[in-house]
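Structure first, commentary second.
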Amino acid sequence: MTDTITLRRPDDWHVHLRDGDMLGRVAGATALQFARTIVMPNLAPPVTSVSAARAYRDRIMAALPRDTRFTPLMTAYLTDDSDPQEIARGAAEGVFTAAKLYPANATTNSAHGVTSIAAIRNVLEAMEAIGLPLLVHGEVTDADIDIFDREAVFIDRVLAPLLRDMPGLRIVFEHVTTADAVAFVESADADVAATITPHHLHINRNAMLVGGIRPHAYCLPVAKREAHRQALRKAATGTSDRFFLGTDSAPHERAAKESACGCAGIFNAPFAIESYAQVFDDEGALDRLEAFASLNGPAFYRLPPNEERITLKRGETIVPDLVDGIVPFHAGETLGWSLA
Ligand SMILES: NC(=O)N[C@@H](CC(=O)O)C(=O)O
Ligand SMILES: [Zn+2]
Ligand SMILES: [Zn+2]
């Protein structure tokens, strides 16, 4: 039995670091575990310009202790009014690592999101030309689509046609939750990848709905039925290099979660790598954790893997009920691995 694993320091390819007071409370947890992170731009107002992304990057670094070795990789929030030249300039100046497509009203702070692919066609053409990855929150928002079907319908109605139309576009299908998404990524060519969260590997929709409604298990896309969770575990722990770590850590104040209309988002940053390690251990795939956590992401983003190493040891990690006033994923549970 393996009791210690050493891997290159992982990166988090999808995280919400928030802003202001909340940024100060959550950024440290991410910087402690990860070397680099793709920072989501869904602030209010969203990060749509090069100057806004630069200023946000500065606020993130200012929220961390001065000697922290951490690189926030910034993203542009696409709107119907996005300017292809602004996106291209941000990429050329090393500010934008990717641009994010939120379908309008799909999730937290997405009111300014894109209403139709046609509206951003010129931006996507510019991105295709320079190889800037498009990150997608893959859910349709049509009122007649059942919320559990939103991701699968997005593939048929949006993603598959988009790739047929622009086969050179590099795409990360973010926080995939279904067997359909796994199959889509596996059958697509090498420029299509996906991130998988720890929570979608651990919980299915029962965690949210059985024995009372559990707002801390609510996120978007919502957790699906067990067969989908199993498909995600197989994809994450399998041999494909197209799946990689993206926590989608999305903190909300406790009162905003425990409410008649609770916010979507799970705060998993404080014990993210321990949570993933548990899954890989349970699947008998600890030898593939490094590829998922530390190699596949950089390869897709055409960045070198980190040289620094971290060590995980078998042993109890007790997850507290609150971390800086926020309820973390696995609150009150014990995980089987600890970060040395
Ligand atoms: N995942 C979530 O449930 N929420 C995210 C937004 C997102 O990633 O969709 C948030 O910003 O709160
Ligand atoms: Zn999302
Ligand atoms: Zn997210």
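Cβ atoms are placed via backbone N, Cα and C, with glycine included.
Remember, it's a predicted structure, so these values are computed and weren't measured experimentally.
Per TrEMBL, the features are as follows:
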- 12-307: domain 'Amidohydrolase-related' (DOMAIN)
- HIS14, HIS16, LYS100, ASP248: Zn(2+) 1 binding site (BINDING)
- HIS16, LEU17, ARG18, ASN42, HIS137, LEU220, HIS252, ALA264: substrate binding site (BINDING)
- LYS100, HIS137, HIS175: Zn(2+) 2 binding site (BINDING)
- LYS100: N6-carboxylysine (MOD_RES)
- ASP248: active site (ACT_SITE)
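Here the features listed in TrEMBL are painted onto the structure.
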{"residue": "HIS14", "record": "Zn(2+) 1 binding site", "contacts (Cβ under 8 Å, 6+ apart)": "ILE38, MET40, LEU135, GLU174, HIS175, THR195, THR197, GLY246, THR247, ASP248"}
{"residue": "HIS16", "record": "Zn(2+) 1 binding site", "contacts (Cβ under 8 Å, 6+ apart)": "VAL39, MET40, ASN42, THR108, ASP248, SER249, ALA250, PRO251, GLY265"}
{"residue": "ARG18", "record": "substrate binding site", "contacts (Cβ under 8 Å, 6+ apart)": "VAL26, LEU43, PRO251"}
{"residue": "LYS100", "record": "Zn(2+) 1 binding site", "contacts (Cβ under 8 Å, 6+ apart)": "MET40, PRO41, ASN42, THR75, ALA76, TYR77, LEU78, LEU134, LEU135, VAL136, HIS137"}
{"residue": "LEU220", "record": "substrate binding site", "contacts (Cβ under 8 Å, 6+ apart)": "ALA106, THR107, THR108, HIS137, GLU139, ALA264, GLY265"}
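Annotation for HIS252 (substrate binding site): same-chain Cβ neighbours under 8 Å, separated by at least 6 residues, are THR108, CYS263, GLY265, PHE267, ILE326. Taken residue by residue with DSSP, LEU220 (substrate binding site) is part of neither helix nor strand, so it is coil.
Sequence-ordered, the extra residues of this chain that approach the Zn(2+) 2 site, with Cβ no more than 8 Å from the Cβ center of LYS100, HIS137, HIS175, are HIS14, MET40, LEU101, TYR102, THR107, LEU135, VAL136, GLY138, GLU174, ASP248. Among the binding-site residues HIS14, ARG18, LYS100, ASP248, ALA264, the residues whose Cβ sits under 6 Å from any atom of ligand 1 are ASP248, ALA264. Ligand 3 lies under 6 Å from the Cβ of ASP248, out of the binding-site residues ARG18, ASN42, LYS100, ASP248, HIS252, ALA264.
Sequence-distant contacts (6 or more apart, same chain, Cβ under 8 Å) of LEU17 (substrate binding site) comprise LEU23, VAL26, ALA27, THR30, THR37, VAL39, MET40, ILE60, PRO72. Checking the binding-site residues HIS14, HIS16, ASN42, HIS137, HIS252, ALA264 against ligand 2 with a 6 Å cutoff on the Cβ atom leaves HIS137, in sequence order. Across the residues the record lists as binding substrate (HIS16, LEU17, ARG18, ASN42, HIS137, LEU220, HIS252, ALA264), the two Cα atoms farthest apart are 19 Å from each other.
Compute the center of the Cβ atoms of HIS14, HIS16, LYS100, ASP248, which mark the site for Zn(2+) 1; besides them, the chain residues with Cβ within 8 Å of that center are VAL15, ILE38, MET40, ASN42, LEU135, HIS137, GLU174, HIS175, GLY246, ALA250.
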